[in-house]
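For reference, TrEMBL has these:
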TRANSMEM  75-99  transmembrane segment
TRANSMEM  119-138  transmembrane segment
TRANSMEM  228-247  transmembrane segment
TRANSMEM  253-273  transmembrane segment
TRANSMEM  373-394  transmembrane segment
TRANSMEM  414-432  transmembrane segment
TRANSMEM  453-473  transmembrane segment
TRANSMEM  488-509  transmembrane segment
TRANSMEM  530-548  transmembrane segment
TRANSMEM  568-587  transmembrane segment
Amino acid sequence: MKRGGRRRYVTTPPFYLQAHPDSVANMETRQQPCVASSVINGIKQETRWELCTEDGSLDRYGRPAIKGRTGGWRYAMFILVSQGLVTLAFAAVEVNLVLFSKSVLRQSNAEAANTFKRWTGTMYLFSLMGAFLSDYYLGRYLTCVSFQGLIVLSLVTQLSLLKPQGCGKLGQLCEPHSSAETAVFYVAIYLIALGNGAPEPALAAFGADQFDEEDSTEKQSKNSFYSYFYVALNMGSLVAETVLVYIQNLGNWILGFWICAACAALAFCLLLCGTFQYRHFKAVGNPISKFSQVIVASMRKMNFQVPSNGEGLYEVERKKGKNNGVRRILHTNGFKYLDRAAIINPVDMVEPANPWHLCTITQVEEVKSILRLLPIWFCTVLSSVVFIQMLSLFVEQGAAMNTTTISNFHIPPASMFAFDIISTSTFILLYDKLIVPLYIKVTTREPKPPSELRRIGIGIAMAMATLIIAAIVEQQRLKHADSKTRAIPQYVLVGVSEAFVYVAQMEFFETQTPDGLKTLGIGLSMSSSAMGSYICSIILTTVMAITSRNGEAGWVPPDLNDGHLDRYFFLLAALTAINLVLFVICAKRYNPILFENRAEDMEMGIQEQANEA
């Protein structure tokens, strides 16, 4: 670096530099110079144009982001490691919540399972709230920073005010706590749910923002980011569900909570490390207001005839429509009654147009895109029931099995999740290099990986198989009280199923939502787990109410040896089979969103500037 001051400023390149075929902005590379850097060294001054991103991302000052200085894997790694650490802190609370509720709060199996499901469901509902704040008001970065700090506060509150002393080991009960202490415990765990659930979709979208999807190399990296994001999540869970679970199952709940708090604090600091070099997108406005405008405007024009091909519908000019990388959406034929909102009425042609009377095609298509996602979302809600059951009843099933010992090391029930995590992460890491080429070879298809919807369908089918295996394992346990190792296949299979469903689901909802609502799309994907948790709770409560009549123990009693957990798993497998049929029908009927080509939009914008000049 040369001596002397260095000043960087953003400016619009001259029109001749943008339009000239031999300039840096030639159309073959589609790379647009956007920043002039001046280096002052005595009387010598150098000026050069640097390449900026083409997807409309900005730096922390609101200027076009420079490719060589912002984003990319270098700064996305801060986000991945932060996600891994915060997941470690959260998962240690999550996987032991059932056993903690039974040992420390003295709840029954069904009560502990329902406590877990309600808590998990609320956490994923918070993801929708965080997505809304991210897209509308705070932006993704501030949403992540604000709510991650809340996790640290919540963990400190929990471990400071609820202290089980000398109890809590597996199979032991603590002394009863007061109502106030129990209330503080519930407040703390729901604050933890808020701190983890609200920023997670924003964190995933923010990490993807670090890659320019208009650059072929960075676009591939962006597609890989979601896979690595889920791997980071699983690696954090792996440590939590082995080391921390072992510590807590020895009765050292306080030490475990302090470790969680330290990891959450470190995750928060790492997220701040890339503050000056992250790429950002501005919040684009209230989606609820925009959707309401389409509904109201279409109802005002109920008597208007909708054009069959969509011609003549209102859309802003290309130059005016370009806003922070937000692409226009092309017209589609579905939900034609909403097209009335974009019918041009001479009365509406005022400047500026009243959005409650006249909406653009893009605004109408934004509403259509969300409506098209709802059937797919509903099917993923039902599939998430399997994974929620894994996090609750699988633990109780493992606790009822004979203790598994490896070299005098006793494996806690919650640590059986390690097999799920290892299989999930291994499958994700091998997917692009091994699984996809094998899939293409076996199916004799074009060199193209399976679509997101196909991967989700495969995952649902594997989830059904997981439940059948879990039911068979439970039948054998009731007869022989087998070791926990008998349950390893169901954990491995559910891990591969997760890799298929969750990664593809996140990619699908992110790509099929408008540019300004990417976080909301990921939040919608995650909220399916929320609804799945509540459905689990409803199903379990209903099953227990029916099967425990006339003094019977029921299918999921406090002592699983007196129940029929296998029948409950078979019931869930049957429901999953029905869900798979519904999903295939919805997937075949789904019409994807159609974006306008951003490169063409950029070229036309350059040409317009050249003509005006």
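Positions of Cβ are set from backbone N, Cα and C atoms, glycine also.
Please treat TrEMBL annotations as automatic predictions, because they have not gone through curation.
Against the transmembrane segment (414-432), the recorded stretches 75-99, 228-247, 253-273, 373-394, 488-509 differ in Cβ pairs under 8 Å, and the greatest number is found for 488-509. Note on the transmembrane segment (75-99): residues 112-113, 115-116, 119-120, 148, 151, 155, 170, 189, 192, 196, 203, 206-207, 210-211, 225, 228-229, 232-237, 239-241, 244-245, 248-249, 256-257, 259-261, 263-264, 266-268, 270-271, 273-274, 277-278, 391-392, 395-396, 399, 413-414, 417 of its chain, located 6 or more positions outside it, place their CB under 8 angstroms from a CB of the stretch. Remote same-chain residues near the transmembrane segment (530-548) are listed as 110, 113-114, 117-118, 120-125, 127-128, 381-385, 387-389, 392, 554-557, 564, 568, 571-572, 575 (criterion: CB distance under 8 Å, separation of at least six residues from the stretch ends). Contact between the transmembrane segment (568-587) and the transmembrane segment (373-394) is supported by 3 or more Cβ pairs under 8 Å, counting only residues 6 or more apart in sequence.
Cβ atoms under 8 Å from those of the transmembrane segment (373-394) belong to residues 94-95, 98, 112-113, 116-117, 120, 416-417, 420, 453, 456, 459-460, 463-464, 466-467, 470, 487, 490-491, 494, 497-498, 501, 505, 508-509, 512-513, 521, 524-525, 527-529, 531-533, 535-536, 539, 556, 565, 568-569, 572, 575-576, 579, 582-583, 586-587, 589-590 of the same chain, restricted to positions at least 6 beyond its ends.
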